[in-house]
There are 2 protein chains.
Amino acid sequence: MSCDHPDLLPLDEALQRLWNALPAPDLPGLRAERDDPATDRASMDGVALKASEGRASRRVLGTLYAGSDPAVFAVAPGTAVRIMTGAALPPGADAIVPVEALATDGDTVRPQVDPKVGDHVRRQGEQARAGDQLLPAGTPLSAARLALFAQEGQLLPLRPRLRVGVASTGNELVPHPASHQIRDSNGPMLAALAHTLGADVDLRSALPDEPAALAAALQNPGDIRILLTSGGVSMGDHDHLPGVLKDLGATILFHKIRLKPGKPMLAALLGDLLLLGLPGNPVSAYVNGLLFLSLALARLEGRAAPDPWRRARLAAAVRNKGDRPLLHPCRLVEGRLEPLPGKGSADLVTLARADALAWIDAGGLEAGTKTRWMPVV
Amino acid sequence: MSCDHPDLLPLDEALQRLWNALPAPDLPGLRAERDDPATDRASMDGVALKASEGRASRRVLGTLYAGSDPAVFAVAPGTAVRIMTGAALPPGADAIVPVEALATDGDTVRPQVDPKVGDHVRRQGEQARAGDQLLPAGTPLSAARLALFAQEGQLLPLRPRLRVGVASTGNELVPHPASHQIRDSNGPMLAALAHTLGADVDLRSALPDEPAALAAALQNPGDIRILLTSGGVSMGDHDHLPGVLKDLGATILFHKIRLKPGKPMLAALLGDLLLLGLPGNPVSAYVNGLLFLSLALARLEGRAAPDPWRRARLAAAVRNKGDRPLLHPCRLVEGRLEPLPGKGSADLVTLARADALAWIDAGGLEAGTKTRWMPVV
């Protein structure tokens with residue numbers, strides 16, 4: 001018997017909806033402040049000379065290092081200047097002959113190759129001209145792009161880490177469980193996940209299955225930008241979160257997605273607070289926490305949307321009788337996905353032993369099929 | 001003319017050497033404290049009943065929630081107990097019939113299916129028996145594994161972020177550059193990279209090309225575990241870092257690798273301090289910073305070695321006349337790698353526009369070849 005519904009929101013649409021609902025920070029464009037390079041530069045260690053003099057001997061006038069003012073030398077006929085990578089070319093020189101292609105005798109050098117104009121020279125402006133647009137406005141930030149901003153004189157500060165609250169829900173969660181109770185494992189799991197994804201983490205005590213307790217936690221979230229909860233989003237009598245959010249006037253971005261495990265996944269905005277209401281089963285909480293939190297952090301920090309998916313072939317068939325795509329725990333062995341005999345969304349033991357969660361389309365996939373997978377981090 | 005050498009250390013061997021040289025934290029194994037689940041549990045919302053009574057009507061005695069003590073009920077013939085996902089089965093019950101498969105009339109329910117023993121029940125110990133080894137000692141940590149530790153009553157603290165110092169070297173690096181000078185862009189780039197990879201960052205002023213200044217920075221590194229430098233590791237007159245490290249008695253893990261850009265890459269241990277001596281050209285510094293820092297952080301934090309590589313086909317041929325593998329900047333377009341017309345290891349503009357760095361074997365690769373690539377983050 002299937003409890004699935006064809007109208008559930010596909011995962012990729014849910015991710016897109018979350019991305020669109022969150023505000024990106026202001027992402028300024030960047031123009032070149034000056035030519036890049038700002039003057040002709042050596043791209044190897046060697047001597048700077050005039051190419052038209054060919055293999056003739058030259059007297060070495062001195063040495064230019066990266067950052068040296070080249071105007072202290074003038075390369076006249078019969079002369080050359082030793083030069084290090086990154087140094088500006090001295091007046092009169094138009095080529096570099098590398099150290100390895102020189103015969104040296106005291107302060108005299110003789111090229112063993114025929115120099116050509118521009119050899120081993122990075123020409124002024126070859127990468128960009130002053131005023132060129134280097135990055136259009138709205139370009140997501142990255143370490144490489146921050147370097148380009150710095151090169152042009154705009155030192156952007158490191159963005160402070162976003163603060164993420166983590167709170168499991170459930171009356172069954174106690175520190176010293178009887179056989180009908182359990183410890184809170186989702187809280188530490190989601191805290192570690194958020195920490196690994198670069199957030200500051202505020203791990204809170206588990207909340208009871210009481211509307212008033214949930215409402216209080218949502219109305220006074222403290223100094224966090226995102227709240228991860230687990231549990232309370234399904235259809236049981238104790239699944240109070242959707243109703244509480246409705247009462248508080250939250251904007252529900254989506255509730256229920258086309259994914260196994262993880263169907264009850266909920267995302268909502270409550271003022272500036274993003275609530276990711278993860279399902280309570282640990283594998284569901286893990287999968288949805290990784291997918292939705294990594295996307296939300298990237299968006300709010302102005303980075304490009306992360307692509308968690310890689311591709312590999314299945315070493316064995318995986319059945320999927322439902323009509324939702326399944327994420328199935330696998331081990332990676334020699335680049336292939338070996339399915340583990342998992343026991344579903346409550347099976348934390350198998351998740352902890354897995355390297356990968358493999359995407360299994362509704363209906364199942366045969367051995368040897370190439371499919372997408374995400375790493376278990 | 002090639003300046004390559006067949007005896008350069010291949011990249012993957014350099015990464016392995018760094019991994020082996022760093023101490024992993026103590027990684028304890030984990031045994032199950034009790035059966036998992038500790039008792040039979042409902043895996044769906046429904047009613048708990050005795051399967052042998054088939055489709056007969058039952059009187060509902062009450063409701064069990066996750067965490068409820070099941071001993072308050074006893075399922076005698078003709079009775080059942082409403083039960084929520086995760087709740088322990090009451091005495092006398094051996095199957096769950098889901099809500100969707102029940103006809104309900106007041107406090108009477110009638111199954112619409114033939115219940116079988118164990119239906120929708122997670123059996124006691126089906127995932128693990130008390131005392132079973134869940135994770136062997138030495139297993140790298142992950143969010144999923146920390147959850148398993150928490151489940152068994154061992155709440156491991158989040159590891160504090162490692163502190164990484166960043167210092168560029170070079171007399172050419174000034175805040176207000178003349179045409180023969182440049183700003184420090186590697187420092188902000190590597191700081192952003194370390195921040196993104198989860199480290200705490202101490203970005204320092206650029207160091208001059210003076211052995212005494214480098215020695216002082218290495219002898220008094222301050223409160224950091226890893227120091228990233230850029231520049232000073234090649235063969236020029238101003239490349240003082242290898243000599244300074246030798247004078248200080250550092251253990252050189254490797255110097256010079258078989259990769260373009262990045263040949264001068266150096267790694268060393270100076271007491272507890274890991275020095276990653278990155279080349280000065282920005283693309284070299286970026287590539288090696290990403291590869292070696294992400295590996296070092298994972299090792300020191302007890303995580304599994306990250307695999308930065310994905311695979312895709314080249315949309316166009318890329319030449320590589322040298323005898324080192326080349327990492328070439330590309331854009332990802334519909335899953336294929338479109339090579340950008342980059343200008344080499346000094347070309348920060350092209351790096352900032354790239355999505356990917358594609359691995360091009362010595363000799364070059366044809367259009368359509370599948371190759372490994374790493375994302376530009």
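Each Cβ is built from the backbone N, Cα and C atoms, and glycine gets one as well.
Not measured: the values here are computed from a predicted model.
Taken from TrEMBL, the feature compositional bias 'Basic and acidic residues' applies to A:31-43.
If you look up TrEMBL, you'll see A:165-299 marked as domain 'MoaB/Mog'. Model confidence over the domain 'MoaB/Mog' (A:165-299) is summarised by a mean pLDDT of 96.
For the region 'Disordered' (A:25-49), the DSSP counts in helix, strand and coil order read 0 helix, 9 strand, 16 coil. The region 'Disordered' annotation in TrEMBL covers A:25-49.
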For the domain 'MoaB/Mog' (A:165-299), residues assigned helix / strand / coil by DSSP: 45 helix, 36 strand, 54 coil
